[in-house]
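Swiss-Prot has this to say about the protein:
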REGION    1-103  region 'G1P2-binding'
REGION    1-93  region 'RNA-binding and homodimerization'
MOTIF     50-55  motif 'Nuclear localization signal'
Amino acid sequence: MADNMTTTQIEVGPGATNATINFEAGILECYERLSWQRALDYPGQDRLNRLKRKLESRIKTHNKSEPESKRMSLEERKAIGVKMMKVLLFMNPSAGIEGFEPYCMKNSSNSNCPNCNWTDYPPTSGKCLDDIEEEPENVDDPTEIVLRDMNNKDARQKIKEEVNTQKEGKFRLTIKRDIRNVLSLRVLVNGTFLKHPNGYKSLSTLHRLNAYDQSGRLVAKLVATDDLTVEDEEDGHRILNSLFERFNEGHSKPIRAAETAVGVLSQFGQEHRLSPEEGDN
């Protein structure tokens with residue numbers, strides 16, 4: 001985020017999770033209305049369907065933790081989300097809803113709101129996408145796999161073996177692909193595994209994925225947002241398998257980190273996080 005940009009702090013009342021789900025439901029409503037107008041292209045339609053599936057899954061999970069009186073359907077959350085957008089876009093207190101009011105400072109001189117002066121605050125301290133450290137956050141006993149002079153099949157098998165030893169909880173996985181002393185792929189993955197009673201393991205959340213090109217330059221950084229959170233077990237395996245398969249395609253040329261980054265990004269509709277030059281690599 002540029003230094004001269006500002007953000008408006010928002011108080012979300014009953015909890016950030018509820019506010020986020022409701023807001024994304026409002027976004028879904030906008031997507032659907034655009035689709036009804038036949039103004040949504042094919043990638044947009046894919047994003048609409050993906051967002052709807054993720055929201056339905058997340059709402060189902062979230063409602064289980066809420067008292068029955070507070071559980072809401074997707075349609076109810078859509079209505080609240082649209083109202084939230086009015087607050088955010090127009091900063092209009094009359095559009096506000098209970099538990100969600102824009103942050104303001106008391107100032108009776110403002111004509112739009114007798115008691116408030118709408119103010120933009122400098123960004124809060126913390127890391128934005130472009131400022132994230134290259135190494136994932138600290139994790140106990142991180143796993144590092146160095147693949148030297150291995151063919152693709154052996155490399156894939158070694159990664160699988162290492163991943164299968166992960167215990168429940170957060171993990172960090174560093175993959176270094178080294179063929180004839182040429183670093184052709186380096187991927188850092190940070191996520192959370194779940195271990196099930198039957199011994200089955202699943203990747204519940206992908207917190208971060210960094211991909212580097214052959215020169216060691218960072219090609220792509222993924223951080224945890226809702227659409228980068230794996231909502232079901234099979235998605236977790238699909239994401240990791242997409243990485244493994246990069247080692248097993250049998251290409252004569254070294255596998256590039258950019259290829260892996262594009263492959264993973266595309267699963268989330270996040271290709272725009274790569275520059276055109278990186279996307280062409």
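If you go along the chain as it appears here, the first residue is 1 and each next one adds 1.
Cβ from N, Cα, C; glycine included.
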DSSP-derived helix, strand and coil totals, residue by residue, for the motif 'Nuclear localization signal' (50-55): 6 helix, 0 strand, 0 coil
Model confidence over the region 'RNA-binding and homodimerization' (1-93), averaged pLDDT: 76
